[in-house]
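To start, the structure under review is shown below, and the notes come after it.
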Amino acid sequence: MPEVKVPELAESITEGTIAEWLKNVGDSVEKGEAILELETDKVNVEVVSEEAGVLSEQLASEGDTVEVGQAIAVIGEGSGNASKENSNDNTPQQNEETNNKKEETTNKSADNAEVNQTNDYNQQRVNATPSARRYARENGVNLAEVSPKTNDVVRKEDIDKKQQAPASTQTTQQAPAKEEKKYNQYPTKPVIREKMSRRKKTAAKKLLEVSNNTAMLTTFNEVDMTNVMELRKRKKEQFMKDHDGTKLGFMSFFTKASVAALKKYPEVNAEIDGDDMITKQYYDIGVAVSTDDGLLVPFVRDCDKKNFAEIEAEIANLAVKAREKKLGLDDMVNGSFTITNGGIFGSMMSTPIINGNQAAILGMHSIITRPIAIDQDTIENRPMMYIALSYDHRIIDGKEAVGFLKTIKELIENPEDLLLES
(Lines of atoms letter the chains of each structure in order from A and count residues from 1; the text may use other names and numbers.)
(Lines give C-alpha, C1' and ligand atoms only; values in the text may rest on other atoms or scores of the structure.)
Protein backbone atom coordinates (compact mmCIF):
# COMPACT_ATOMS: atom_id res chain seq x y z
CA MET A 1 0.00 0.00 0.00
CA PRO A 2 1.23 3.55 -0.75
CA GLU A 3 3.11 5.32 2.03
CA VAL A 4 3.10 9.02 2.80
CA LYS A 5 6.61 10.25 3.54
CA VAL A 6 7.96 13.50 4.94
CA PRO A 7 8.70 15.54 1.80
CA GLU A 8 11.87 17.42 0.92
CA LEU A 9 11.36 20.86 2.46
CA ALA A 10 14.50 22.95 2.19
CA GLU A 11 18.22 22.29 2.11
CA SER A 12 18.64 23.31 5.75
CA ILE A 13 15.62 21.38 7.07
CA THR A 14 16.15 17.67 7.76
CA GLU A 15 13.35 16.92 10.22
CA GLY A 16 10.13 18.21 11.73
CA THR A 17 7.58 17.59 14.46
CA ILE A 18 4.05 16.39 13.82
CA ALA A 19 1.93 19.27 15.09
CA GLU A 20 -1.49 17.83 14.29
CA TRP A 21 -3.08 14.99 12.35
CA LEU A 22 -5.74 16.48 10.08
CA LYS A 23 -7.08 13.01 9.18
CA ASN A 24 -7.86 10.06 11.43
CA VAL A 25 -7.38 6.37 10.67
CA GLY A 26 -10.30 5.26 8.51
CA ASP A 27 -10.92 8.69 6.98
CA SER A 28 -11.17 8.99 3.22
CA VAL A 29 -8.33 10.93 1.58
CA GLU A 30 -8.28 12.64 -1.79
CA LYS A 31 -5.15 12.92 -3.92
CA GLY A 32 -3.33 16.10 -2.92
CA GLU A 33 -5.32 16.47 0.31
CA ALA A 34 -3.49 17.46 3.50
CA ILE A 35 -3.42 14.73 6.15
CA LEU A 36 -1.20 16.35 8.79
CA GLU A 37 0.54 19.57 9.76
CA LEU A 38 4.29 19.44 10.26
CA GLU A 39 6.18 21.96 12.39
CA THR A 40 9.68 22.67 11.11
CA ASP A 41 12.50 24.89 12.28
CA LYS A 42 11.12 27.77 10.25
CA VAL A 43 7.44 27.33 9.35
CA ASN A 44 4.53 24.91 9.60
CA VAL A 45 3.75 22.97 6.42
CA GLU A 46 0.93 20.65 5.45
CA VAL A 47 1.87 17.17 4.23
CA VAL A 48 -0.42 15.88 1.50
CA SER A 49 -1.23 12.41 0.21
CA GLU A 50 -0.10 11.55 -3.31
CA GLU A 51 -2.82 8.91 -3.61
CA ALA A 52 -6.57 8.78 -3.06
CA GLY A 53 -7.94 6.17 -0.67
CA VAL A 54 -8.26 5.60 3.05
CA LEU A 55 -5.84 6.55 5.82
CA SER A 56 -5.25 3.02 7.07
CA GLU A 57 -2.36 3.66 9.46
CA GLN A 58 -0.58 6.51 11.23
CA LEU A 59 3.09 5.61 11.67
CA ALA A 60 3.86 8.48 14.05
CA SER A 61 1.98 10.43 16.71
CA GLU A 62 1.47 14.13 17.36
CA GLY A 63 4.62 15.50 18.97
CA ASP A 64 6.91 12.92 17.34
CA THR A 65 10.02 14.09 15.50
CA VAL A 66 10.21 12.70 11.96
CA GLU A 67 12.97 12.96 9.37
CA VAL A 68 12.73 13.93 5.72
CA GLY A 69 11.93 10.79 3.71
CA GLN A 70 10.51 8.91 6.71
CA ALA A 71 7.20 7.09 6.19
CA ILE A 72 4.53 8.59 8.42
CA ALA A 73 1.27 7.16 7.08
CA VAL A 74 -0.18 4.38 4.93
CA ILE A 75 -2.95 4.97 2.39
CA GLY A 76 -5.17 1.96 1.66
CA GLU A 77 -7.83 1.31 -0.95
CA GLY A 78 -11.50 2.10 -0.43
CA SER A 79 -13.76 5.06 0.24
CA GLY A 80 -13.36 5.18 4.02
CA ASN A 81 -15.30 7.40 6.39
CA ALA A 82 -16.69 10.71 5.22
CA SER A 83 -14.45 13.60 6.18
CA LYS A 84 -15.58 15.91 8.93
CA GLU A 85 -16.20 18.67 6.42
CA ASN A 86 -18.57 16.40 4.46
CA SER A 87 -20.20 14.70 7.42
CA ASN A 88 -23.59 16.18 6.54
CA ASP A 89 -23.49 15.10 2.86
CA ASN A 90 -24.52 11.48 3.47
CA THR A 91 -25.58 9.05 0.74
CA PRO A 92 -29.09 7.49 0.88
CA GLN A 93 -27.57 4.25 2.17
CA GLN A 94 -25.72 6.13 4.91
CA ASN A 95 -28.91 7.97 5.85
CA GLU A 96 -30.82 4.67 6.08
CA GLU A 97 -28.14 3.13 8.28
CA THR A 98 -28.19 6.23 10.48
CA ASN A 99 -31.97 6.05 10.81
CA ASN A 100 -31.79 2.36 11.78
CA LYS A 101 -29.20 3.14 14.43
CA LYS A 102 -31.34 5.93 15.83
CA GLU A 103 -34.28 3.56 16.18
CA GLU A 104 -32.12 1.19 18.23
CA THR A 105 -31.08 3.88 20.71
CA THR A 106 -32.94 6.11 23.09
CA ASN A 107 -33.76 9.67 22.13
CA LYS A 108 -31.29 10.92 24.71
CA SER A 109 -28.40 8.91 23.25
CA ALA A 110 -29.23 10.10 19.76
CA ASP A 111 -29.32 13.70 20.90
CA ASN A 112 -25.94 13.34 22.62
CA ALA A 113 -24.42 11.73 19.54
CA GLU A 114 -25.75 14.51 17.37
CA VAL A 115 -24.29 17.16 19.67
CA ASN A 116 -20.91 15.43 19.72
CA GLN A 117 -20.92 15.12 15.94
CA THR A 118 -21.75 18.81 15.60
CA ASN A 119 -18.97 19.75 18.01
CA ASP A 120 -16.46 17.67 16.03
CA TYR A 121 -17.60 19.36 12.84
CA ASN A 122 -17.33 22.81 14.38
CA GLN A 123 -13.88 22.07 15.81
CA GLN A 124 -12.66 21.16 12.33
CA ARG A 125 -14.12 24.07 10.37
CA VAL A 126 -13.01 26.85 12.74
CA ASN A 127 -9.82 28.64 11.63
CA ALA A 128 -7.38 28.10 14.51
CA THR A 129 -3.68 27.59 15.09
CA PRO A 130 -2.49 24.00 15.71
CA SER A 131 -1.51 24.84 19.28
CA ALA A 132 -4.96 26.35 19.87
CA ARG A 133 -6.65 23.18 18.58
CA ARG A 134 -4.61 21.01 20.95
CA TYR A 135 -5.24 23.41 23.82
CA ALA A 136 -8.99 23.36 23.12
CA ARG A 137 -9.08 19.55 23.08
CA GLU A 138 -7.12 19.32 26.33
CA ASN A 139 -9.47 21.75 28.06
CA GLY A 140 -12.76 20.58 26.58
CA VAL A 141 -13.49 23.84 24.77
CA ASN A 142 -15.58 24.01 21.60
CA LEU A 143 -13.66 26.21 19.16
CA ALA A 144 -16.90 27.25 17.46
CA GLU A 145 -17.83 29.13 20.64
CA VAL A 146 -14.54 31.04 20.87
CA SER A 147 -14.36 34.54 19.41
CA PRO A 148 -10.94 35.29 17.83
CA LYS A 149 -9.39 38.62 18.72
CA THR A 150 -7.50 39.20 15.47
CA ASN A 151 -7.51 38.03 11.84
CA ASP A 152 -10.36 35.55 12.43
CA VAL A 153 -7.82 33.00 13.69
CA VAL A 154 -8.43 31.45 17.12
CA ARG A 155 -5.33 31.46 19.33
CA LYS A 156 -4.60 30.12 22.81
CA GLU A 157 -5.22 33.49 24.43
CA ASP A 158 -8.72 33.55 22.89
CA ILE A 159 -9.45 30.19 24.54
CA ASP A 160 -8.12 31.47 27.86
CA LYS A 161 -10.42 34.48 27.59
CA LYS A 162 -13.35 32.16 26.88
CA GLN A 163 -12.54 30.04 29.93
CA GLN A 164 -12.19 33.08 32.18
CA ALA A 165 -15.64 34.40 31.25
CA PRO A 166 -18.39 34.25 33.96
CA ALA A 167 -20.03 30.86 34.34
CA SER A 168 -23.39 32.22 33.14
CA THR A 169 -21.93 32.96 29.71
CA GLN A 170 -20.40 29.53 29.22
CA THR A 171 -22.21 27.14 26.91
CA THR A 172 -19.93 24.15 27.41
CA GLN A 173 -18.47 22.54 30.51
CA GLN A 174 -14.85 23.40 31.04
CA ALA A 175 -12.25 20.83 31.94
CA PRO A 176 -10.50 21.39 35.28
CA ALA A 177 -7.35 23.47 35.10
CA LYS A 178 -4.11 21.53 34.88
CA GLU A 179 -2.15 21.22 38.08
CA GLU A 180 1.17 23.02 37.95
CA LYS A 181 4.12 20.64 37.95
CA LYS A 182 6.71 21.12 40.64
CA TYR A 183 10.44 21.02 39.96
CA ASN A 184 11.90 18.42 42.32
CA GLN A 185 14.97 20.47 43.20
CA TYR A 186 12.70 23.05 44.88
CA PRO A 187 9.75 21.03 46.23
CA THR A 188 8.43 23.94 48.29
CA LYS A 189 8.59 26.52 45.47
CA PRO A 190 5.97 26.69 42.71
CA VAL A 191 7.32 26.35 39.18
CA ILE A 192 5.88 25.45 35.80
CA ARG A 193 7.64 22.89 33.61
CA GLU A 194 6.62 22.68 29.96
CA LYS A 195 8.21 21.34 26.80
CA MET A 196 9.79 23.87 24.50
CA SER A 197 8.27 24.10 21.05
CA ARG A 198 10.34 22.71 18.23
CA ARG A 199 10.93 26.20 16.87
CA LYS A 200 12.09 27.44 20.27
CA LYS A 201 14.48 24.50 20.67
CA THR A 202 15.86 25.03 17.18
CA ALA A 203 16.34 28.75 17.79
CA ALA A 204 18.19 28.03 21.04
CA LYS A 205 20.42 25.51 19.29
CA LYS A 206 21.23 27.82 16.39
CA LEU A 207 21.94 30.80 18.62
CA LEU A 208 24.42 28.70 20.57
CA GLU A 209 25.99 27.44 17.33
CA VAL A 210 26.50 31.00 16.12
CA SER A 211 28.19 31.93 19.40
CA ASN A 212 30.43 28.84 19.28
CA ASN A 213 31.22 28.73 15.55
CA THR A 214 31.78 32.38 14.63
CA ALA A 215 34.16 35.09 15.78
CA MET A 216 31.30 37.48 16.45
CA LEU A 217 32.05 41.09 17.23
CA THR A 218 29.81 44.19 17.38
CA THR A 219 30.60 47.75 16.38
CA PHE A 220 28.36 50.77 17.08
CA ASN A 221 27.56 54.17 15.69
CA GLU A 222 24.82 56.75 16.10
CA VAL A 223 22.53 58.33 13.52
CA ASP A 224 20.94 61.76 13.59
CA MET A 225 17.39 60.99 12.41
CA THR A 226 16.38 64.65 11.92
CA ASN A 227 16.52 64.74 8.12
CA VAL A 228 14.92 61.37 7.48
CA MET A 229 12.11 62.15 9.93
CA GLU A 230 11.45 65.50 8.25
CA LEU A 231 11.53 63.90 4.80
CA ARG A 232 9.15 61.18 5.89
CA LYS A 233 6.80 63.76 7.39
CA ARG A 234 6.77 65.76 4.13
CA LYS A 235 6.33 62.78 1.84
CA LYS A 236 4.16 60.32 3.76
CA GLU A 237 0.70 61.56 2.67
CA GLN A 238 1.62 61.86 -0.99
CA PHE A 239 3.45 58.54 -0.76
CA MET A 240 0.29 56.80 0.46
CA LYS A 241 -1.78 58.39 -2.33
CA ASP A 242 0.71 57.38 -4.99
CA HIS A 243 1.13 53.80 -3.74
CA ASP A 244 -2.35 52.53 -2.83
CA GLY A 245 -2.13 53.30 0.88
CA THR A 246 1.35 51.89 1.46
CA LYS A 247 2.96 53.72 4.38
CA LEU A 248 6.46 55.15 4.22
CA GLY A 249 8.39 53.81 7.19
CA PHE A 250 12.00 53.84 8.32
CA MET A 251 12.63 50.21 7.32
CA SER A 252 12.73 51.00 3.61
CA PHE A 253 15.37 53.69 4.22
CA PHE A 254 17.54 51.31 6.25
CA THR A 255 17.00 48.53 3.70
CA LYS A 256 18.08 50.74 0.82
CA ALA A 257 21.02 52.06 2.84
CA SER A 258 22.05 48.47 3.63
CA VAL A 259 22.00 47.51 -0.06
CA ALA A 260 24.25 50.47 -0.90
CA ALA A 261 26.62 49.59 1.94
CA LEU A 262 26.69 45.91 0.92
CA LYS A 263 27.70 46.90 -2.60
CA LYS A 264 30.49 49.05 -1.17
CA TYR A 265 31.63 46.36 1.30
CA PRO A 266 30.87 42.98 -0.35
CA GLU A 267 32.53 41.01 2.48
CA VAL A 268 29.49 41.84 4.62
CA ASN A 269 27.35 40.00 2.05
CA ALA A 270 29.35 36.79 2.32
CA GLU A 271 29.50 33.52 4.26
CA ILE A 272 32.01 30.76 4.96
CA ASP A 273 31.41 27.31 3.49
CA GLY A 274 34.14 24.92 4.61
CA ASP A 275 37.40 26.37 3.33
CA ASP A 276 35.64 28.68 0.87
CA MET A 277 34.16 32.13 1.20
CA ILE A 278 30.98 32.71 -0.81
CA THR A 279 30.25 36.32 -1.69
CA LYS A 280 26.63 36.75 -2.67
CA GLN A 281 25.79 38.83 -5.71
CA TYR A 282 22.16 39.30 -4.69
CA TYR A 283 20.51 41.38 -1.98
CA ASP A 284 17.80 39.43 -0.15
CA ILE A 285 17.36 41.32 3.11
CA GLY A 286 15.85 39.61 6.14
CA VAL A 287 13.51 41.61 8.35
CA ALA A 288 13.02 40.24 11.87
CA VAL A 289 9.33 39.92 12.85
CA SER A 290 8.13 39.21 16.39
CA THR A 291 5.31 36.63 16.60
CA ASP A 292 3.58 34.56 19.29
CA ASP A 293 5.97 31.73 18.40
CA GLY A 294 9.09 33.86 18.67
CA LEU A 295 11.22 35.83 16.24
CA LEU A 296 10.94 34.94 12.55
CA VAL A 297 13.10 36.33 9.75
CA PRO A 298 11.43 36.32 6.32
CA PHE A 299 13.36 37.84 3.41
CA VAL A 300 12.53 40.66 1.02
CA ARG A 301 13.99 39.47 -2.28
CA ASP A 302 16.08 41.55 -4.69
CA CYS A 303 15.98 44.75 -2.66
CA ASP A 304 18.41 46.38 -5.09
CA LYS A 305 15.72 46.15 -7.79
CA LYS A 306 12.79 47.33 -5.66
CA ASN A 307 11.75 50.90 -4.92
CA PHE A 308 10.71 52.23 -1.51
CA ALA A 309 7.02 51.44 -2.01
CA GLU A 310 7.71 47.86 -3.11
CA ILE A 311 9.96 47.26 -0.12
CA GLU A 312 7.46 48.73 2.36
CA ALA A 313 4.59 46.71 0.86
CA GLU A 314 6.62 43.50 0.95
CA ILE A 315 7.70 44.04 4.56
CA ALA A 316 4.08 44.65 5.60
CA ASN A 317 2.92 41.56 3.72
CA LEU A 318 5.59 39.33 5.27
CA ALA A 319 4.79 40.63 8.76
CA VAL A 320 1.11 39.73 8.33
CA LYS A 321 1.99 36.28 6.97
CA ALA A 322 4.35 35.69 9.88
CA ARG A 323 1.77 36.56 12.53
CA GLU A 324 -0.93 34.51 10.78
CA LYS A 325 1.44 31.52 10.43
CA LYS A 326 1.23 31.62 6.65
CA LEU A 327 4.91 32.00 5.79
CA GLY A 328 6.24 29.47 3.32
CA LEU A 329 9.72 27.99 3.25
CA ASP A 330 10.55 30.16 0.25
CA ASP A 331 10.03 33.20 2.48
CA MET A 332 12.52 31.99 5.09
CA VAL A 333 15.63 30.63 3.36
CA ASN A 334 18.67 31.81 1.39
CA GLY A 335 18.89 35.40 2.57
CA SER A 336 22.07 37.44 2.44
CA PHE A 337 21.77 40.02 5.25
CA THR A 338 19.38 40.76 8.13
CA ILE A 339 18.01 43.88 9.83
CA THR A 340 16.44 43.71 13.29
CA ASN A 341 14.73 46.60 15.05
CA GLY A 342 14.86 46.32 18.82
CA GLY A 343 13.62 49.89 19.03
CA ILE A 344 10.01 48.80 18.64
CA PHE A 345 10.35 47.17 22.08
CA GLY A 346 12.14 50.18 23.58
CA SER A 347 15.72 48.94 23.27
CA MET A 348 18.27 51.74 23.30
CA MET A 349 21.29 49.57 22.46
CA SER A 350 21.97 45.86 21.90
CA THR A 351 24.34 43.40 20.26
CA PRO A 352 22.22 41.40 17.78
CA ILE A 353 23.23 37.83 16.97
CA ILE A 354 24.10 36.94 13.38
CA ASN A 355 21.50 34.97 11.43
CA GLY A 356 22.59 31.54 10.18
CA ASN A 357 24.64 31.39 6.94
CA GLN A 358 25.27 35.14 7.01
CA ALA A 359 28.23 37.28 7.97
CA ALA A 360 26.51 40.21 9.68
CA ILE A 361 23.30 41.71 11.05
CA LEU A 362 22.26 45.35 11.46
CA GLY A 363 20.52 46.38 14.67
CA MET A 364 18.23 49.42 14.84
CA HIS A 365 17.14 50.91 18.15
CA SER A 366 14.89 53.49 19.77
CA ILE A 367 14.93 57.09 18.58
CA ILE A 368 15.77 59.20 21.62
CA THR A 369 15.94 62.99 21.70
CA ARG A 370 19.10 64.15 23.42
CA PRO A 371 21.50 67.12 23.32
CA ILE A 372 24.08 66.94 20.54
CA ALA A 373 27.03 69.26 19.94
CA ILE A 374 26.49 70.67 16.44
CA ASP A 375 29.71 72.65 16.55
CA GLN A 376 31.97 74.18 19.18
CA ASP A 377 29.39 76.80 20.09
CA THR A 378 26.05 75.09 19.46
CA ILE A 379 24.19 72.31 21.23
CA GLU A 380 20.79 71.16 19.96
CA ASN A 381 18.31 68.49 20.93
CA ARG A 382 18.28 65.93 18.11
CA PRO A 383 16.42 62.62 17.57
CA MET A 384 19.24 60.09 17.75
CA MET A 385 19.39 56.34 17.13
CA TYR A 386 22.19 53.98 18.04
CA ILE A 387 22.88 51.41 15.33
CA ALA A 388 24.90 48.22 15.74
CA LEU A 389 26.57 45.83 13.34
CA SER A 390 27.37 42.36 14.66
CA TYR A 391 29.71 40.60 12.25
CA ASP A 392 31.82 37.48 11.78
CA HIS A 393 35.40 38.65 12.28
CA ARG A 394 36.67 35.64 10.30
CA ILE A 395 35.26 37.25 7.15
CA ILE A 396 34.99 40.95 7.93
CA ASP A 397 37.82 43.08 9.27
CA GLY A 398 37.17 45.89 11.70
CA LYS A 399 37.92 48.50 9.04
CA GLU A 400 35.19 47.13 6.74
CA ALA A 401 32.69 46.78 9.59
CA VAL A 402 33.20 50.37 10.74
CA GLY A 403 33.09 51.61 7.15
CA PHE A 404 29.86 49.71 6.50
CA LEU A 405 28.15 51.22 9.54
CA LYS A 406 29.47 54.69 8.69
CA THR A 407 27.95 54.35 5.21
CA ILE A 408 24.58 53.50 6.75
CA LYS A 409 24.87 56.56 9.00
CA GLU A 410 25.74 58.92 6.14
CA LEU A 411 22.91 57.70 3.91
CA ILE A 412 20.26 57.91 6.64
CA GLU A 413 21.42 61.39 7.60
CA ASN A 414 21.19 62.41 3.92
CA PRO A 415 18.08 60.51 2.81
CA GLU A 416 17.56 62.52 -0.38
CA ASP A 417 20.52 60.62 -1.83
CA LEU A 418 18.70 57.34 -1.22
CA LEU A 419 15.57 58.62 -2.94
CA LEU A 420 17.59 59.76 -5.95
CA GLU A 421 19.31 56.36 -6.22
CA SER A 422 15.95 54.58 -5.97
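Cβ atoms here come from the backbone N, Cα and C positions, even for glycine.
The active site annotation in Swiss-Prot covers H393, D397 and rests on similarity to another entry. What Swiss-Prot records for 80-94, 114-130 is compositional bias 'Polar residues'. Per Swiss-Prot, compositional bias 'Basic and acidic residues' is recorded for 152-163. If you look up Swiss-Prot, you'll see 164-176 marked as compositional bias 'Low complexity'. Here Swiss-Prot flags 1-76 as domain 'Lipoyl-binding'. Look at Swiss-Prot and you will find 127-163 tagged as domain 'Peripheral subunit-binding (PSBD)'. What Swiss-Prot records for K42 is N6-lipoyllysine, and it gives sequence analysis as the kind of evidence. The annotation region 'Disordered' is assigned in Swiss-Prot to 77-184.
Distribution of Swiss-Prot features across the structure.
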residue : record          : Cβ neighbours (10 Å)
K42     : N6-lipoyllysine : 22
H393    : active site     : 13
D397    : active site     : 13
Secondary structure content of the domain 'Lipoyl-binding' (1-76), with strand meaning DSSP E or B: 0 helix, 41 strand, 35 coil
Tally of DSSP helical, extended and coil residues in the compositional bias 'Basic and acidic residues' (152-163): 8 helix, 1 strand, 3 coil
Rounded to the nearest Å - Cα separation of H393 (active site) and K42 (N6-lipoyllysine): 27
DSSP-derived structure type at D397 (active site), helix or strand or else coil: coil
Alpha-carbon distance [the residue listed as 'N6-lipoyllysine'; D397 (active site)] in Å: 31
